[in-house]
Amino acid sequence: MQIITAFWLILALTGCSDKKEAKEYKIGFSQCVGSDLWRKTMLDEMKTELSLRPGTKLSYADANNSSSKQIDQVKEMIDEGIDLLIISPNEALPLTKIVEDTYNKGIPVIVIDRKTSSALYTAYVGAENYQVGKIAGEYLANSLKGSGNVIEVMGLPGSSPAIERDKGFTDALKKHPQIKINGQFYGDWLGENTEIELLKNKDKLKNVDAIFAHNDVMATSTRKVLQKLGFSHQIQVIGVDALPGNGGGLNLVSNQTLTASVLYPTGGKEAINIAMRILNKESFSKENILQTVVIDSSNVQLMKLQWARINSQQSDIERQQTLLADQFKVYNSQRLVLNFIVITLVLAVVFGGLAFHALLENRKINKSLELKNTEILNQRNQLIEMSEKAQAATEAKLNFFTNISHEFRTPLTLILSPLEDLLKNEKIKLAAGSNLKLIYKNVYRLLRLVNQLMDYRKIEHKKFKLHATANNLIDFIKEILDSFKHSAEKRNIDLRLIVKESPGVVWFDVNILDKVIFNLLSNALKFTSDNGRIYISIGKMEGTVHIDVEDNGVGMTDTELKHIFDQFYQSELNYSRGSGLGLSLSKELILLHKGNISVTSKKWQGTTFTIALPLGEDHLTNNEKATQEHQSAKLYDQVKIYTTEHDQAVSNEKDRTFEHIKDQSILIIEDNQDLLDYLTHKFETTFEIFTASTGTNGLAEAYEKIPDLIITDVVVPGISGKNLTHQLKSDIRTSHIPIILLTAQGSIEQQVNGIQSMADVYITKPFNFEYLQANVENLIKNRVILKEHYSSDISSSGVKRTANNLIDKKFLNDFAGIVEHNLSNEHFSVDDISKAIGISRVQLYRKIKALLNCSITDYILNRRLKKAKYYLSNEEYSISEITYMVGISSPTYFSTIFKNKYGMTPTEYKKTRLQ
Ligand code: FRU
């Protein structure tokens, strides 16, 4: 677009470039009268001359013999805006002012033919009228041979040619006294007025020999009057102007209407020439007097010939001009075409170049695109191949897993039955009851997981067939509910069935739906705290039966909720923990029934699962229906599988009243009650045990109890084990506590990640208890070494440090530094240290107790005595000086406590050192 615009711009510019920058002018021409031949000739001359100067315009006004009209017309021209004024004033005096005004305004004025009474004009063009009159007078005197009677017909009174011609005429005749002027009349330059005036004074024409009329028009009328009156043709009539052409003076002389005519050139051509010189700021003459001559029978033919030649030359010129103009037009259009062609060519070359460049670029781009394409295709193929391989590998893994799981069922069953036998044996039950119960529960748990996994695989391979029968849903659910009653009651959970509307007979597969209901109830029980409620309600809505399982347990976050039915989904926060298969399987099983399962939940408020099953049997194919006999109730299996888990472990509420207080304490944070119980049971003989089942509670316990060690699961409800570790290790109050992370996340990255969270040890599940125990003991031992180090020597430099936490090291160093600094201050107190370190008195006390196993006052006193001992053996100070230097109030008190600690008085000690 821009290129095309530029193209036309260039074209337009080149089209004009050859034209000379001729300025455009406007010339005003004010004519006193325009109707007679002389004036028309003057205007034609001007136009012809102007045609040679394109661009200059002529604004013409004819005053028609009226001076006032002429004044108004000039004013109008000036208002319109003209560059120069040419004026032939009607009368001298009336027009003087407007000419002067125009001139004074800076507009050049050319006065032509007639004059004003002022010299304020730019130039004058015209013949000398005095001379015209004089020539006429002399001619008459000559032809009358010095005597006779003459009459003068004058132009408009007040017009300068009339005045001057009269003066020249009378002056010439003065030299010939025999020639008398019989009369003088004003013809006002017009034929009619002349006739009127002459006829009025016809008497005076009787003896006249010659008549001089100031122009040819009046002279012709004079001849007419003479003829009319029948006067002799001998009377000579002389006129002025001698115009060529029809009605012109030359013809009148030639046909003897007039005796002679004095040539009075119009000056039109000259006026335009001078005007252009003025406008173009070229030199010019102010007075431009045109030549005059008498034309009579002696030279009229010659003059006519000359005029004819001039005329033909003029028409030749005009023809040539037209021709030239035509040629110029042709030339212009050709030049335009040429320019167009040249520019088109240039553009074609430019565009061609650009197109070629673009082509090359395109080729390059195409090539690189092709390369990329092949690369992408290769990558895609590789990806497909890899994904196929991965899929096959996953499939193989899952198959293997399923097969193995299947294999588990037999050994698990084989463990179960002898275990049940053992549990029936009262003696064994008494000795190892709790352990056996734990094994029993977990065998069922394993069995459930194995079953779920196998069911899921069956669904994936579309091998799960529905065997639906018509059943009483309410009875069916009641029966399942009964199996959980016992566990619920124990924990004071309000578990009940609410029938909003009986659905009547419902078609479902009892062996499938029971898995779903068992799973939902088992989950509800797991995540509802003691004294909570679980309502299972049945209702009808638009051809479906709705089963709601509603609890007021811990609930779920929106993120958990989004993925709750995803296969193997285990939430970070882990309220939905388990295999990650139960709910996903439930969903598939409900879908098999052409039903739907949905969930709503609010964190810390509760969860409701809703199962919608279609009523009637039309939605089921014949294959999906089964005869009642086909149904073998396996409810018993599900009962054990889903409820054993909720059986309370053997009571762990021991009577601890008589337990002796242990030196060290351990905080165990674990949400699996069985594992928590197990660990508590294992460690409680040696350590005081605090427990918590959520991270949040664990954190609070840690701050409150400041235990000697913490064992925490990584994935616990609330704050995670790693976050908890990080928080405790970054807090000066708890940073010294060793932390062991227990987790099922066993990858190396996860272990590194665990250690990075500043945990002291990271142990993966399943773990060996002895390994855990060894770690616990080791960590506690290290603490003791640390305590000994800080609570012993005076100078800590050179001693290997065992504090494995930078915060603790810094804390102990700060603490020791503050004490050292203030040893000489007798009033130095625990408050001063807690203020300096920025923790509370109690926290400081606990921290020092944990790290150094002594009270702060004991520590300070110990440091004072150690320093005193150092002074006693190394410096030349007196006992009282040393007492003062280590901030002890009196030498007697110093002596007493020194003896208590070292078994001798300071003086005795000094003596032994000196010896
Ligand atoms: C034309 C005319 C001429 C004469 C001139 C004088 O209008 O009358 O015939 O020579 O004017 O101004």
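Using the three backbone atoms N, Cα and C, a Cβ is placed for every residue, glycine included.
Just so it is clear, the model here is predicted, and its values are computed rather than measured.
Taken from TrEMBL, the feature transmembrane segment applies to 336-360.
Taken from TrEMBL, the feature domain 'Histidine kinase' covers 403-617.
What TrEMBL lists as domain 'Response regulatory' is 665-780.
Under 8 Å, Cβ to Cβ, and six or more positions away along its own chain, ASP713 (4-aspartylphosphate) finds ILE669, GLU670, ASP671, ASN672, LEU675, GLY721, LEU741, LEU742, THR743. Annotation source TrEMBL lists 4-aspartylphosphate at ASP713.
Averaged across the domain 'HTH araC/xylS-type' (813-912), the predicted model reaches a pLDDT of 85. According to TrEMBL, the feature domain 'HTH araC/xylS-type' maps to 813-912.
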Just give the helix, strand and coil counts over the domain 'HTH araC/xylS-type' (813-912), going by DSSP.
74 helix, 0 strand, 26 coil
Tally of DSSP helical, extended and coil residues in the domain 'Response regulatory' (665-780):
52 helix, 24 strand, 40 coil
